[in-house]
Structures are given as C-alpha cells and as structure tokens.
C-alpha cells in the first residue's frame, strides 16, 4: 500500500466547497457518458440541432434515449483493440530520448521515453497508407462511431475500476493512497504514476497515445469521410483539420513538457483524467470536425486563409509560452526571456517526507502577463478551428465552451495548489503577477 496522505493532499479535490465538490463529481460521473452519445446522435442523425434532439426526447422519453444508444458491436471492439494495441506497441518499442519528470510530492522522479513525435508520424502514415492502398477504409470508423463511443464508455469505466483496485492492492510507487472516500478515489484516482511493469506508463498511454492520438486519427477520418461522400473536401473542413493537426503536432513535439503539467504531475489516474482521455477527448474534442462531415461550408479563399493564419498564430503563442517556461527551468533561470534576463522568484517548499526543496517562478515574458496566460491562445485556437462551421448551430461550439470552463477551473485549482505548496512565496508571486488568465481582466 502507498504512503498515507497528509491533510493537504487528502483535501486536494476540495477546491470548492465540500457540498459543491460532491455534487460536481456525482453529476459528472452520471452525465458525461450519456452526453457523449447525445452529442454524437445530434451531430450525425439530427443535423447538429439541439432542438431536434430535444423534441425527439420530449416525444419519446427514456425509451427514446435507450433506443438511440448504440450497442457496442464486435467491429467496434476490434477497431478499439487494434488501435490500442498498435499505440501501446509504439509506446513500448519505438526508440526515444530518456526524460525525467518533476520530483513528486513524496520525492520520486518518474522517467519516461520521449518517442511521441515518432509514434505520431508512424500512426498517421500507417492510417493514411492503409486507406491509400485500399487495405482499410477510415469511413468504417465514422460509420460505426456511435458503437465505438458506446464501447469506449463501458470499457473505459471498467478500466477505471481496474485502476482503483490496482491503487489499493498494487501501487507502482509511494505516490499513491486513499482519500478515505470511495467516490473521490474512483473519480480523482489512487496513483499519481501507475505503471504496468517497469516501463509501460498508464497515464502516458491514456492521455497521449490513446487520447491525443485518437484526436488526430479522427480528424483525418472526418476529412476522408467527407471526401468519399462528396468527392471533395470543403475549405472549412480543410481549415478545421489542418489547425487540429498543427495543434496535435505541437502537443507531441512538446510532449516531454506536458509530463510536467497538472495532468501528469498532479492529477492522479482516475475517472477524471483517464476516462476523460479515453472517451471525452475522441468524442468531444473532435466534435467540430464531426459536425462538418455533413455540413460543409464554403468559406472562400480569403476567409479560409485568414482563419488558418489566426489559428496557427494562436497555436504558436501557446507553444512559445510553454517553451519559454520550459527553457527557463532547464537553464535554472538563466535563459533570456524576450531578449532580457528573466524576472523570477525563488520559492522553497517542503515535501511530504519533510525535505526542503526549491523552485523558481518566472514572472516575465508571457508569464509576466498573467499566471496562466497560455490558456488564452489555447482557447482562441479552439475557436478558430471551430468557426469554419459558422453559426447555424451551437453544438459545434460546445468544445470551445467546455475548454474555456475547464481551463478556468484548472487555473483556479493550480493556484490553490501552488498557494498551499509555496505559501508566502506564492503571495509574493501573485502580487507581482496579479492577473490569473486574462491580463487586466481576470
């Protein structure tokens, strides 16, 4: 069994009031799975209209909802199994540079193999090659998408039960333990760095190699489906697909940096992270492209190029924010920031083992504008790869709205965690960089 947790860690999920936290967790556990099916059904079978789906459910009630929920089929399970096995094999067997993650609360330092870019290239080349040479048609994935999502919903839930049991009986490190609440343990997770064997990191697989990779695979799938249906790809679909693939390429290029973020270094492996990456990412994150399959929009060259340039600029700024902080940390605060010596705060903190450590907090460059300014270009990038759908229906913008709420909540959780970790040093940091996300506003 892993080490017991101090009160500050046991209550990490209590960012909001206890009643609100319980309500939020129960609501998300019960509503996220059916929402995935409703979004797919509305996009594919109700012309993207929320009103059409509402009227259907009003007329048919619970039985109507049960009837639209696809049953997982053998072909859905085969597609998922082949994809998962392929990505797991790439994660294990492709060569990659040895990368160390940040020191954990109990003093552990995880080690990774950074082969994400190579796995990303192999995946897309293989997938497109299978289509090009007539071996496998990606339209099969689109045509069985509801069944695939249904299988993912149930299969990923079972996988989260496995993670819960593993955290209790066979944790991979001392960065594990129970909060004393079965619901929170299942939702937030038991282990920070769960592994199967010595080398197979579960969160790298669920977050990066299954979740983020599926985003790229499905973006290409939607593009091919529209091409095979209409004989051409609309400029709106091209802008959407290119911007998504540029963003995902940026993600895998920066993957080693992602292993230092909240998702990996602070959020444990439970329903919130793992089910989210296994189900929510391939369904919700890809939804603007899913909508465009049957709703091609002719933007015109000028508007299409304008949206494309604006989106790429936002993705670049988001990347440069992360690169700037990563380089600052790599050089122990000696790297130039915007051509000048960086402004910084040296903060000390105490681990759960009672050891005193120190960190450096960057207070200039992008990180002098706001404590989480990098979320602004990320949210705007999502807007630009959604706006090719224009404004006939709201549903394509759900991901944009969801991402905004997610990142604003994440910024608050990160601030609360850092306030608890750094104490007076964090107060000094907030005095120097007073805005949380939007300079001058929030």
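Cβ atoms are placed via backbone N, Cα and C, with glycine included.
Just so you know, TrEMBL annotations are computer predictions that nobody has curated.
TrEMBL lists transmembrane segment for one of the ranges 204-224, 330-350, namely 204-224.
No contact links the transmembrane segment (148-165) to the transmembrane segment (236-257), because fewer than 3 Cβ pairs that are 6 or more residues apart lie under 8 A. Residues 97, 99, 112, 114, 116-117, 119-120, 208, 212, 215-216, 219-220, 222-223, 226, 286, 288-289, 292-293, 296-299, 304, 307-308, 311-312, 315, 318-319, 322-323, 326, 381, 384-386, 388-390 of the same chain sit 6 or more residues outside the transmembrane segment (236-257) yet have a Cβ under 8 Å from a Cβ within it. Sequence-distant neighbours of the transmembrane segment (269-287) (same chain, 6+ residues past either end, Cβ-Cβ under 8 Å): 28-29, 32-33, 36, 39-40, 43, 149, 152-153, 155-157, 159-160, 163-164, 167, 185-192, 194, 202-203, 206-207, 210-212, 214-215, 218-219, 222, 244, 263, 395-396, 398-399, 402.
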